[in-house]
Every structure is written in C-alpha cells, then in structure tokens.
C-alpha cells in the first residue's frame, strides 16, 4: 500500500520526538466522581475533578448530558488543571451527567460519567394532622410522609416536645419514616411530631403534630403478631457495602423479633442487630452473605414470618486491561480486555472517544479487538469499556504505527567480534526499520553468498560455523525497505583456541582438612580450609578468554561423621521398656560403627543417654530395647550415629509415647511434722515427683499411732499434691509423741510405706508470764533486760522468751521484738536512741505461740557519747618510747561526760587491734622498729564510745630517723589526721 509522503515524514518525526522526550497519549490520573451538592450550601462552587497526564499536554473538554460545555459562553464555568469549576451552581441548569474528554496529538480518551445532583429538603405542606384514636393494648402506625427532597434522609419523632425513645415496643423506620408502636399504653397519649433530616445538607424540618388519644370502649385483648415493617422480597446488595433490613411487628403481648437464614446456615458473626432486633445490619457484604433471610415475630398468641432475598451484585472490575502497542505498518494488532462483575459485564470499544464498530479490517467480539494490516490511520487512543447495570469502567491504551526506513544509529554492528578457529560465530544486524527490511552482507567489497558454513537468518544475523583463519576480515550488513537503505560494518578476528595445561584431579579427604585444587597454574588454584561435608561435590575450573572458554572438572569426596538416622519409631512400649527401630542416615563415606539412643521427658533436662539391650549397638543394628524407664511417663527418643571420624547429628525425635502404669515404688521423703493448734497432730512430707508416681490416681496413705501403741490409724489422701495432714481429736494431749509413716498408691494398687518416724502433737502455749522483770541502761544505744522463769508451773513447754520494746513516743502496736532460745533469762537490746524512755515486756513462747505478757518496765538510755573527736594530736619519740598527747574533749550539754580515752593501735601489716584506756590526755607506746603504727584515739563515756580521730600512721624508726641515732635523741611531731604522713618536726637534734 502506498502512503502519502507527508504522513510518512510526520510519523517518522513523531517517532524521533518520542525517543527523545517520551511522548505519549493522555492518561487519566483522577476521574470525576458523583457529586451531591447541598442546594443551600454557603460554598458557591462545585468542583468536578479530572486530572490527566500526557506529552504533549492534553487539552481538556467537558460534556454535560452529551453536549459540550461551552466555557467561553458561560462565565460560571472554568477549567483549572483539567477540573471543571462551576460558580453559583444552579439546580435547573447544572444538574446532569458530566464527562471529561482529554486530547493530544496521539488521540482522545473519555472519562467515566459523573452525576451532579443537588441535595435539598422542602417544608411539610400541611400544618395540622387529624387526631388518631386507638384502644389501649392495640398496635398503631403514625405516618411521617416526608416532603419533597433530594439526598438521603434520616427520621426521628418528638413526643410531647421530647425525643421519642425506641425500645422493643416502639420503632421508627428509616425507610419510610413511620413510627410504629407495637402495643399502645396510657403513657403513649400525647402529640407526635416527625423530624426529617437531610444527611447531606444537615437541614432539618418538623412535620405537623399528630395527637394520639385512647378510645373509651375498653382495652384491646391479646392477639398474634402482625408484621408492619417488612424488607422487600428482593434486596440487591453491592459487594463490600453495608445492608440493613428492617422488621417490626404489632401485637399484644409485645412480640419479640428473631432473625435467621432460611437455608439453616448461621448468620455471619459480623452481622449486628439494632433497636431491639428491629434492624439486621450486615457490613462488608460478600457472595456468601447472599440468600433468603427470615424475620420471625412471636408472642404468646402466635408468630408471623417475613421473608426476603439478599442478592449479590458487583460493579465491573478489571481482570485484564489493555496496554500500549507499538506496531510496524502493515502488521496486525490484537487487544483483549477482561472484567468480572455481577451480572457479567458487556464490552464496547472506543477510538479517540468515539464508538468503534466491526467493519473492513476491524473485528470486535466482546472484549477482543483485532485490526489487520495496520496503516497510519489506525493510530490513536483506544478504550475498552466494561459495564453492567451497576457500573462502568474504562481501560485506555495507545496504538502507535511505525513507518520508517532502516536506521543503524543506535544499533551499529559490533566493531570487533572475536572467535576461535573451528568455532561458531553470529554477527547480529538489528537496524530500526518499519516495515521489516531485506538484508544482504558483504565481506570487504564482495557480496557474501550463503553456503554450508555461512547462513543469513530472517532477522538479518550472519552465522558462520567451522571458522577458519581465512574468515577474518571486515563484514558489512545492508538493510533495505521501500523507505530507504542503510548499512553498518564490523570486523571479525579469528584466534587459536585456549588450552588447560594442569587440570584439577579428584580427591578424597576428611572433614577438617585443607586442600588445594590446581587449575593451569597457581593463579587459578582453589583452596578450601577446614573442609566440611557441604563442600563435597563436582568442582569445575572455568577458563575464559576473549574467544572461548574451557572447563576441567574434579570430584571432591569428603568423609565425615554420619548424618542423622531417620524414621525413629517406637514399635512397642511397656512400663519400663521401649522397643525402637530406625533407618540409617548417610554414612558420609565412612561406615557407621555404633548407635546411641537418647531420651527426653517433660521432667528431664534436655536429652539424656539411656540404657539399652544390647548395651552396645553396632552400626549394622537398627533396632534396640530401651530399659530402666519410669512407668507412666511420656517419652520421646532419638538416635545418634558414630563412625571412625566422629559423632554425627541426632535424628529427629520419635513420636511421644507414655509408658504403661505400674505399682508405685518411691515413698515420700522427709516425713516429719509437729506444731499446729491444740489437740492437733500435724504430719508433713515431701511429695513424690510426678515422674516417679508410676500411674494415674496417685495418692498417699497416712498411718500414725500414739508412741508405744500397737494399732495404726490410717487416712487416705487421693491427691498427688498433698504434702500435709492434720489429725484433730480432743484426746490428743499436748506435745505427745506419735509414730508416723506415709505410704503411696495409684490405680494399679498400693506401694510401700516410708520409714517410721516420731512426730509430736501440737503443744499448748505457755500459760504463765515471766516474773521479776528488770532493765538497766548500758549506753546511749544499748540496754540489758533481765527476768525470771514463771514462778508457777506452765502447762506449755517453754522454748524461749520474746522481749517486746518500744519508745515512749511510739505506739505499742509498732513495737519491735527479739527472741531468746532455751533457758536464757537476759538479753541485750541494741541500736536504740540516746536519752530516750523505752517500755519493755517479756513473754514465754513455744511452737504453739506466745504466753501472757509480763508487767511492763521502763528504762531510759543514757546521753549520747561525745560527738567531737580528740584534736591536736602530737607524738614525741624518746629512746624506745613514743609519747602521744591530745587536747581534752568536752562533751556538749546533751552528751555524756567524758570518762576517759581509748587508744587503738596496731602494726600496719596486722589486722588485730590493741586498746589502751586512760583517763589522761596522753599515753606512752613502745617505738615501732619493724613496722609502722596505725593509731586512732576516741573518748568514752557512760553513753558509750565517742567519735574517733582519723587514722594516724607513725613510721617505723628506720624510716623516721637515721640509723645510729643516740639515746639522747628526742623528736616531736604534730600529726594531721590523714592516712598519708604529714609530719611537722618540732625538734631535729639528730636528723
């Protein structure tokens, strides 16, 4: 077919631009949506969105009800970045269906349609309504009759100027607005007003009041339910939406409402019931929610049923869209689009926004479009439209028709192609051309003829096999179609083939070793250190050059510990044994020499090796009996294999199986007891662990008898967790010895008893108080308290005494307590406050508790010791002595008077400290020869020891003085109280 040159030049020019600037047709980014505009809105503009991209930038036009919107003729219309703005929208002029059309040099596409509607709500036409007269107990319906409107409405009712409360007796339908009262009561008499609200504009209007009065001809008797509010017989529901079904009945007594599916299936759990079951709401509606639903209204007089069907529908949804196609002129085009929906969508096609029909070269069948022998006039924007009665969707694509002469500018032949002697080479020739060109090749200046070694493929590539040195040279590909001719040249270089001089050899190694696999020379060697099983396999050395590549292979066998055994199975199990079998795992090239079986229970710490028969399992044995198991314990087993190289990984665990039950064998440990309340014998023991109970129904048998008696008393505790038994009887004397033993049992029978032990019954608290309580102060922090044992005989044994003490300013219930043990009749109380009055009382105690309290005595702690440490400490050395002097410490008014001083000293390498007491402010010490002295000084008083000076270090004589100092040597030093020596020498006669 011949084409006008102008069209060909234009198309070629467009293709060039497309390559450089990525030109493309219009694409919708955002399409217009339906708008419900409030008629009384303060906002004076409506915006219908339409966002489009394309290159060149598309031009946007709008249509209203199929007619172009003339922007220039009506100042109220304007297009801003594709969107249509309508100022001062008018219901009469502007309501309707809008569509956006986008056009550039590639073609036109149209958007989905969008409706502009105006929401409003007019006033009720009438101002009064007739009085409604009903009998008490009768059902009633008050009609709302909403006024003219556009947009969704909601309804409510006012009763005597108050909002009407909805319960199981009253119901307001959101479909009709009517008010239903199932059974009228006296309290319902009054005025009723319907309140209608437009949910879009939020405008609210009130209807005229309807008076309700009771008739005086008696009360309405009981009657069966009558369903007045009923959902339609068929309710089409869109996928993913929320559907609400209403149902309400009049009746006396007031009916109950129950919802159910007619097919017997349960209503989806996501469903909700509102307003005393009057509304069934199903959110996110899906195909499985469709079906017949029933509303059952029932009272004591009967029942009534309303039925309706929820049908499922879905707007079209794309399964397969169409994509842009760039096709050479005179070729064929095939497009297919697919959509699902309910009902099944139908399809139509558009080209540049206009309907496309079957004719000549164009064939349309549902979602397929076929164009044969494409020409330039077929280029443009195409749209597949899928629609059903619930919606319409569009898929857009561009058809580009390419018509151009051959062009090598971007696909030049490879400058140099390398090939080895005897090899095969393909030189590609891929110019850009439409339609497909005819190819010829030249070698040098000569036309290349095809033969058994040289062929030219359909795509223009040149193929040469069994290459020889004579094939080297320059090659030119010439491409021709009826729009032109072009050529490109490259060179073929022929080289000798590559050889591997030193190939790798197969090896057999053990896990952990290191190896080197050579290949030609050291530069190609492969080293593997600390080799593992995973490294086994075939290794191929690849040698690649510019003309060819060679490979040399070697097998690497790695010997290691065995792999895990497989399929460990418990074939049979008894109370103490388990018969196991397994399959061997891989031996990893070293024969398996033995197997070890491990077990795990809920009570073990990880996996433990178990005893087996045979005791040693050789590598050719795949079954064994595990012995020494505990009865009635859940076990799982695994097997570990070993060979000469090492121990392998364990198998996967077997199934869990419980051993059979058996008589219990283990008795409770640490059977003891004692204590408790009067007339009680308390027996305790440690429970037998669950893994040693040997079966279900485990419990204890407690046996006891008075010491020296023959007959045992028995009690059974049917609890595995029991660890204590208390025998109560008035005949039990305090602190009487009993022989006690505890046995065990389970469902299989009785087991043994524990060894017999002696347990004493509960003793009685001491009945007498200690006498002759006396307390004296020892210091500011310590007091000592004395008492005598009770004068009269106690009925209860005395184990010791409890001293309670509290400060006068504190409450007795906050008192502190200390206890003595045995016959001790005095104790020291420490860490008290100085100059404080304390109260003390003493009680005797034993395991049953404490006895009566003694009389309370008082004691006052002494004043605190001096808080100031000795100061101005000076030491003097003379001959073999050291003389220490310090200032006298004066106590404050609230402190105890200083009675003397304590000098604490020790050698620097010793931990024991010596103490010298003096009532003077000086002391003599022997001179240290071998070690330094560490000295502290502190005052003492009736209130205790006062604050100590900081440590003083006196250096040994070899450090403090020169060797050989005469006997007349005399030195004096003033010591600052720090750990490092700071010496002020007052006499240096011999230094």
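From the backbone N, Cα and C atoms, a Cβ is placed for every residue, glycine too.
According to TrEMBL, the compositional bias 'Polar residues' annotation covers 851-861. Tertiary proximity for the compositional bias 'Polar residues' (851-861) is limited to same-chain residues at least six positions away from its ends with a CB under 8 Å from its CB atoms, namely 765-771, 773-777, 779-783, 785, 787, 794, 796, 804, 832-845, 943.
Here the domain 'Ig-like' (32-117) has, by DSSP, the following mix of helix, strand and coil residues: 4 helix, 47 strand, 35 coil. What TrEMBL records for 32-117 (among others) is domain 'Ig-like'.
Among the features that TrEMBL reports, domain 'Ig-like' is placed at 122-207 (among others).
The domain 'Ig-like' feature in TrEMBL is assigned to 225-311 (among others).
Per TrEMBL, the feature domain 'Ig-like' maps to 316-400 (among others).
Taken from TrEMBL, the feature domain 'Ig-like' applies to 406-493 (among others). In this model, the domain 'Ig-like' (406-493) carries an average pLDDT of 92.
According to TrEMBL, the domain 'Fibronectin type-III' annotation covers 564-662 (among others).
What TrEMBL lists as domain 'Fibronectin type-III' is 667-764 (among others). Applying DSSP to the domain 'Fibronectin type-III' (667-764) sorts its residues as follows: 3 helix, 49 strand, 46 coil.
TrEMBL lists 769-864 (among others) with the feature domain 'Fibronectin type-III'.
What TrEMBL records for 865-960 (among others) is domain 'Fibronectin type-III'.
Annotation comment: TrEMBL describes 648-675 (among others) as region 'Disordered'.
TrEMBL lists 851-872 (among others) with the feature region 'Disordered'.
What TrEMBL lists as signal peptide is 1-18.
The region 'Disordered' (851-872): residue composition by secondary structure is 0 helix, 4 strand, 18 coil, according to DSSP. When Cβ-Cβ distances below 8 Å are used as the criterion, the region 'Disordered' (648-675) is approached by residues 561-566, 568-570, 573-576, 578, 580, 582, 585, 588, 598, 600, 607, 629-642, 681-688, 692-696, 698, 700, 740-755, 757, 759-762, 847-848 of the same chain, each at least six residues removed from its ends.
Across the domain 'Fibronectin type-III' (564-662), DSSP classifies residues as 0 helix, 48 strand, 51 coil.
Count of Cβ pairs under 8 Å against the domain 'Ig-like' (316-400): among 32-117, 122-207, 769-864, 865-960, the largest is for 32-117.
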